[in-house]
């Protein structure tokens, strides 16, 4: 979220994240309450992906040019491992979930309110200087966060909080549509279907989805519908054909460079050599082709395995944790994490968000929850309370 970007003066560009990370690493060095971060198969695959990403970067044509991108990604993955090492209890997991989900949900509610008061005549944009600054990227982040807000709603007991979170979900959906993102429209339809299927309250969710539709459809302006109509006319859309061309370039780079191009395959000679429709350098506009072009077929395989295993771990939670009231929250987390990952898989097919930290943090929630369930942590807590 980078909330300091909304401030003025020195604070807007201050290294807040670096300071926070430094404090966390210092605390990790001195605390005795830490464990190995390798608590699940997805974590091991992530470590292998990070190693391969680093090798790919070192084998790139311009290490210094691509250092910034590698450094940013490496810092994200480092803090993922730190989080896995220090967060262990249910209280830790839930606090992490509230901060992670709430930070984006606040922006989604703000964007949804903006869309409503402007009747959808202006696009919603994400926070500046972040992964999700663009309208398309911000929309995908909101789509991914909606099922997780619903997970939080299932945990609260006060009606006021329950109703508040319902409004937040509605506003996040409105903001996603108000972004004018075509990929977001496809992703929200796919996610909505899985959301309904995975929800324990299918009737309420169906009514809620219907409510969003009847609120939004009448107010969407003509330019929004015109933007969405281009989905079926991609052959005449320069933007769409540019993306398809960039995907072809990624395939060509991966075929001829075992380690991929490095942290970016956006070089003019690659597009001149492998481009089919044009030689203009464009972003990958797909998490799959972004990773393929950057890190080759091995990198893409590790990337896909990471999300497949995370999805399966979430399914394990859904099946094995729902039979006990103490672990029901973990089952609900697994179900909504799966919905969120479907949104990422579909919406990410049209965006360059392969290194975006939100899905990796969802993986953290899933593997930590599974570790908590399999360790029987709630049983020892019950025993200590009785003693």
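Just so it is clear, glycine is given a Cβ too, placed from its N, Cα and C backbone atoms.
Sequence annotations record features per position, and here TrEMBL assigns domain 'DUF5935' to 1-153.
Taken from TrEMBL, the feature transmembrane segment applies to 6-31 (among others).
The feature transmembrane segment is assigned by TrEMBL to 38-58 (among others). Listed by sequence, the residues of this chain that lie at least six past the ends of the transmembrane segment (38-58) yet keep a Cβ under 8 A from its Cβ atoms are 66-67, 70, 73-74, 77, 80-81, 84, 259-263, 294-296, 298-299, 302-303, 305-306, 309-310, 313, 360, 363, 366-368, 370-371.
Taken from TrEMBL, the feature transmembrane segment applies to 70-87 (among others). Same-chain residues lying 6+ beyond the ends of the transmembrane segment (70-87) with a Cβ under 8 Å from its Cβ atoms: 17, 21, 24-25, 27-28, 31, 33-39, 43, 46-47, 50, 53-54, 57, 93, 96, 263, 355, 357, 360-361, 363-364, 367-368.
If you look up TrEMBL, you'll see 94-118 (among others) marked as transmembrane segment. With a cut-off of 8 Å between Cβ atoms, the residues of this chain six or more beyond the transmembrane segment (94-118) that come close are 1, 3, 83, 87, 124, 126-127, 138, 141-142, 145, 148-149, 151-152, 155, 167-168, 170-179, 219, 329, 333, 358, 361, 364-365, 368.
The transmembrane segment annotation in TrEMBL covers 138-156 (among others). Away from its own ends, the transmembrane segment (138-156) comes close to residues 94, 97-98, 100-102, 104-105, 107-108, 111, 124-127, 132, 162, 165-166, 168-169, 172-173, 175-177, 179, 181, 183-184, 187-188, 191, 195, 198-200, 329, 332-333, 335-337, 339-340, 343-344, 347-348, 351, 353, 356, 358-359, 362 of its chain (Cβ-Cβ under 8 Å, at least six residues beyond either end).
The annotation domain 'O-antigen ligase-related' is assigned in TrEMBL to 168-304. Confidence across the domain 'O-antigen ligase-related' (168-304), taken as the mean pLDDT and rounded to a whole number, stands at 82.
Marked as transmembrane segment by TrEMBL: 168-197 (among others).
What TrEMBL records for 203-220 (among others) is transmembrane segment.
Marked as transmembrane segment by TrEMBL: 287-308 (among others).
Taken from TrEMBL, the feature transmembrane segment applies to 328-353 (among others). Outside the transmembrane segment (328-353), and at least 6 residues removed from its termini, the chain residues within Cβ reach (under 8 Å) are 90, 94, 97, 131-132, 136-137, 139-140, 143-148, 150-151, 154-155, 182-184, 186-188, 190-191, 194-195, 198-200, 243, 283-288, 290, 307, 310-311, 313-322, 359, 362, 365-366, 369-370, 372-373.
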